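Per Swiss-Prot, the feature ATP binding site maps to 159-211; the stated evidence is sequence analysis. Under the heading Mg(2+) 1 binding site, Swiss-Prot lists Asp284, Glu296, citing sequence analysis as support. Taken from Swiss-Prot, the feature Mg(2+) 2 binding site covers Glu296, Asn298, and the record attributes it to sequence analysis. Residues or ranges marked as domain 'ATP-grasp' in Swiss-Prot: 133-324.
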Amino acid sequence: MVYGVIFGANSYEHEISIVSAVVLKKVLKAQKKFIFCDKNKEFFLIDEEKMNAKTFSSGAYKKEKALVLKQGGFFIKTMLGEKKLDMDVAVNIVHGKDGEDGKIAALLDFYGIKYIGPRIEASVLSFNKALTKLYAQSVGVKTLDYKVLNLHKEQNVSLSFPCILKPARLGSSIGISIVKDESELKYAKDVAFEFDEDVVVEQFVSNIKEYNLAGCMIGEKMEFSIIEEPRKNEILDFEQKYLGFSESSKVSEANISEELKQKLRDNFTRIYNPLFKGALIRCDFFVIDDEVYLNEINPNPGSLANYLFEDFTNIVDNLAKNIELEKQIKIDYAFIHSINGQKGKL
């Protein structure tokens, strides 16, 4: 199995995606091709030996082979024309805009390329935090109370303090603020609106229990990772959140009851099946008074949440083997031929 790891793109989380790709170089024990999408949305084939931070920060990637996306795959530009890149399955690890909003999924679907990652509908619903909450509630998964603010509308925050403000279409803890009283609200709104015209406001619950669970469906069976309890802090900032997954070491499993473990898995399955088939996702949950609440869905989790799996490569291989392309629609122009036959040419 040869994987084409797609990363980068024009996103606030561009650099995080590069870190994810570098980690996958270490932990995915399979043949890999690294496909970098730069800020101008040009594709480059990066030699595995050059998969390091300097290649991208210095702009040296521009000296690598350029790729074009066409029906059936990526193609390398050569002096004699184009040569198809040897790749069986693409892996979408573009974080944020372009990768998690459905654009990459749409391209890969359109050009008939097998890929691991959320499909278009799953991307749209999980990229927008407000839509995520509506989706979760529709499948019987609880969420915290929330309100959506829009940059172009005058709206009051009806939730009591403290509350938390999050840009609706951004991950990685970027633009997030905890607001403890009215005096901090305007600044927090200004920060969040710098990144998105829609902002989700939630009640902030201190000393809350948080658990992370990753998984995917292989055939008709759900495969789950261990359950992680992140280290406690009011909120993980950008560096805390992503320096953690930049390491390839495993994490310890949360010390929780079998009953709670099953509750988390049940809620994960409701979120995942069938919308996220073909993707390996991570869900972050809150637990309050033994009740499970969805915090967020990570459709392309950092480094594919490899650190949560005992045998990460085996999970990815089995997921890839079960991915099917969309069925092609038969187009034979029978209708047009029938019109031409009866009434002359159109």
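Cβ from N, Cα, C; glycine included.
With the fewest other Cβ atoms inside 10 Å of its Cβ, the least crowded of the binding-site residues Ser173, Asn298 in this structure is Ser173.
When Cβ atoms from all protein chains are considered, those within 10 Å of Ile208 (ATP binding site) total 13, not counting its own.
If you measure from the Cα atom of Glu296 (Mg(2+) 1 binding site) to that of Lys166 (ATP binding site), you get 11 Å. Per-site Cβ counts within 10 Å over the binding-site residues Lys166, Lys180 peak at Lys166.
Neighbour list (Asp284 (Mg(2+) 1 binding site), Cβ cut-off 8 Å, at least 6 residues apart, same chain): Glu210, Tyr211, Asn212, Leu294, Asn295, Glu296, Ile297, Asn298. Sorting the binding-site residues Leu159, Val201 by the number of other Cβ atoms within 10 Å puts Val201 first. Tyr187 (ATP binding site) falls within a helix when secondary structure is assigned with DSSP. Mean pLDDT for the domain 'ATP-grasp' (133-324) in the predicted structure: 91. Other Cβ atoms within 10 Å of the Cβ of Glu296 (Mg(2+) 1 binding site), summed over all protein chains shown, number 18. In sequence order, Ser177 make up the list of same-chain residues 6 or more apart from Tyr187 (ATP binding site) whose Cβ falls under 8 Å from its Cβ. For Glu194 (ATP binding site), the same-chain residues lying six or more positions away in sequence with a CB closer than 8 A to its CB are Gly175.
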